[in-house]
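**Q** This is the structure I have questions about; it appears just below.
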Amino acid sequence: MDSCVNVEREVDKVLSKFAAVGDHSSRTLQDLIEHISNIRKELSEGNDASDVTATQSLVLNQCLKKVKDTCQRLSNDHKDLHSSVSKVGKAIDRNFIQDISACSVEGAFVGEEKRSLLNEVICEHFFRQGMLDIGEQLIQDARLQIDEAQKEPFFELNRILEALKQHNLFPALEWAKRNRERLQQQSSALEFKLHRLHFIELLKGGPARQMEALLYSRNFEPFAYHHAKEIQTLMGSLLYVQQGVHNSPYLHLLDPIHWLDICDVFTRDACQLLGLSVESPLSVAFAAGCISLPSLLNINHVMKQRQCTNVWNQKDELPIEIDLGGETRYHSIFACPILRQQTTETNPPVRLVCGHVISRDALNKLNTNNKVKCPYCPMEQNAVDARPVQF
């Protein structure tokens with residue numbers, strides 16, 4: 001993070017210098033243009049003869065000298081900008097390590113199957129971001145075999161999201177009505193929020209659309225049980241249509257944040273309905289890598305200095321624990337309280353008869369003649385009675 005701050009500081013210096021030089025150059029050139037225009041006007045008005053007098057020749061020479069000096073100053077300022085930009089490159093080289101191969105997994109994407117999987121992940125990312133043309137081109141170039149049925153959900157989601165960004169609710173409402181039962185099963189409030197937003201848009205129409213808003217409120221009936229208080233608020237806002245909702249206690253209903261919120265709600269609920277993660281797996285993996293890389297580079301540098309190169313010999317396991325933040329925690333993690341190690345597929349957590357949970361490796365170490373004494377309570381039990389635990 002300190003490295004990013006240092007580079008950002010240099011970039012800010014360059015941007016401020018660019019702005020200062022730009023303003024100064026604009027003013028200087030404008031003054032020069034006005035000066036030349038005034039001289040031209042004076043020469044055209046002062047003498048109709050074709051010959052140039054000595055005084056006029058002197059004025060023109062002074063004007064040319066001023067133009068040359070101004071151009072020279074602007075050229076020097078431009079050279080100084082180049083010097084400032086080069087400092088940014090030096091700051092990047094100084095603060096960031098270019099070679100990160102020491103932390104990479106050799107052969108991670110070697111083989112046709114692995115490369116194809118990586119291209120599919122990248123292709124899905126493009127589809128999620130609405131870059132449909134790029135995704136289609138990648139499918140052709142990488143010769144991927146992706147079913148149209150796999151692509152169709154992304155096409156529809158992007159079409160609906162684009163409509164929502166244009167404040168068009170009807171495609172989303174049609175989609176929510178088609179999937180009403182499945183949305184209700186996951187306790188989604190998407191359809192109600194879409195109807196509420198459309199009702200608010202009718203309120204913005206003023207008295208001319210008051211009756212239309214009143215009739216549209218019938219769409220709230222299926223949601224009365226779970227959203228009674230919100231519906232009461234919406235119906236109460238009808239009393240202030242004549243004087244304007246923006247001058248009423250219901251001003252918060254007109255907040256533009258509701259449009260951003262509906263896009264997030266639709267994306268989350270639609271992805272959950274389709275069995276997709278809300279965030280692109282490629283984006284999550286890239287963000288996790290950016291967070292982890294500085295720590296991995298530091299520990300690798302320390303191990304090289306202390307000649308402990310054999311400590312990190314398994315590339316599928318990190319030498320240190322790295323906190324990626326709460327937003328990247330998707331499932332529970334169990335660490336064995338006996339061995340102080342995180343459980344894995346080959347070393348899963350097991351539940352003893354007494355209810356305490358330890359790792360399989362710890363169980364094997366405590367096993368004596370198929371008898372295990374719980375390290376937390378005096379209960380003795382058979383090792384075969386331990387049961388795997390799924391988190």
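Placed from the backbone N, Cα and C atoms, the Cβ positions cover glycine too.
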**Q** Between 294-335, 336-377, which stretch does TrEMBL give the note zinc finger?
**A** 336-377
**Q** Taking every residue in the coiled coil (132-193), what is their average pLDDT?
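**A** Here the mean pLDDT over the coiled coil (132-193) amounts to 89.
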**Q** Residue counts in helix (H, G, I), strand (E, B) and coil for the zinc finger (336-377), per DSSP?
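**A** The breakdown for the zinc finger (336-377) reads 7 helix, 11 strand, 24 coil.
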**Q** Quick check on the domain 'CTLH' (153-210): DSSP residue counts for helix, strand, coil, in that order please.
**A** 48 helix, 0 strand, 10 coil
